[in-house]
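A quick write-up on the structure given underneath.
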C-alpha cells in the first residue's frame, strides 16, 4: 500500500508541471494587458508601466515562467486581484471548513453506500437490487448543483430546518456545525454514494462467487458464505 501511494504521488508531479505550464501560457498569451486591467480605466500610462515593471511583464516570457515557478515552489501564490489579499491567507481561511465538510462527506458516504451496496448484492437480480442501481445511476447523472438546489428548497426554504448559508466551526458546538455543514455534505454525498454502492455490490458479488457455489440471494444471507463475503470485500481483507 505505501508503495502504491508513492507511485501515485510521483505520477502527479509531471501532470502538475504540465498543468502549471498550460495555466501560465493561458494567463500570459491571452489578448490584453494584465497591468492595464488591474490598474483600471483611470490609471495613467506611467502607472500602468510601473505596475507592468513590478509584475515582471517586461521580461522575456521564459524568465517570467521561471520566476513564476520559483514563487510557486516557495509557496508564494501572489495577491488576489479582487480583494488585494494574499492568496495564501485566503486559502488558510477556507482550508478548515473545506476539510471539515470533506470528512463529514466521507463519513456519510460510507455510512449510506456500504449498506446499500450490501443490500443490492443480497437482493441480486431482484427488485431491491434494481432500485439501488437506479438510484446509483441517478446519483451519477444529476449534477451536484441541482441536488443542492433541491435540498435547499426542501430543508431550508420549505421546512426551515437548516440554514441556507453560513459556517460554524466544530469548536463552536458540534450541533451548530452539523446544522450548517449537513446540506453541502449531503450534496457532495450523492455522487459518492452512487459510486461506492456500485463498487460494494460488485466486490461482494465477485467475492461471493468465489467462496460459494450458491447464487447470491436471500437464502445466502443466512449462510456463513455471505457474511464471509462481506468481510472479504473490504479493501484490507484477503480471502
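Note: Cβ is positioned from N, Cα and C throughout, glycine not excepted.
Record features (TrEMBL):
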- 95-239: domain 'ABC transmembrane type-1' (DOMAIN)
- 9-27: transmembrane segment (TRANSMEM)
- 101-122: transmembrane segment (TRANSMEM)
- 134-157: transmembrane segment (TRANSMEM)
- 177-195: transmembrane segment (TRANSMEM)
Distant-in-sequence neighbours of the transmembrane segment (9-27), which means Cβ under 8 A and at least six residues beyond its ends: 34, 64-65, 68-69, 72
Chain residues in Cβ proximity to the transmembrane segment (134-157) (below 8 Å; excluding those fewer than six residues from its ends, i.e. six or more beyond): 116, 163-164, 183-184, 186-188, 190-191, 193-195, 197-198
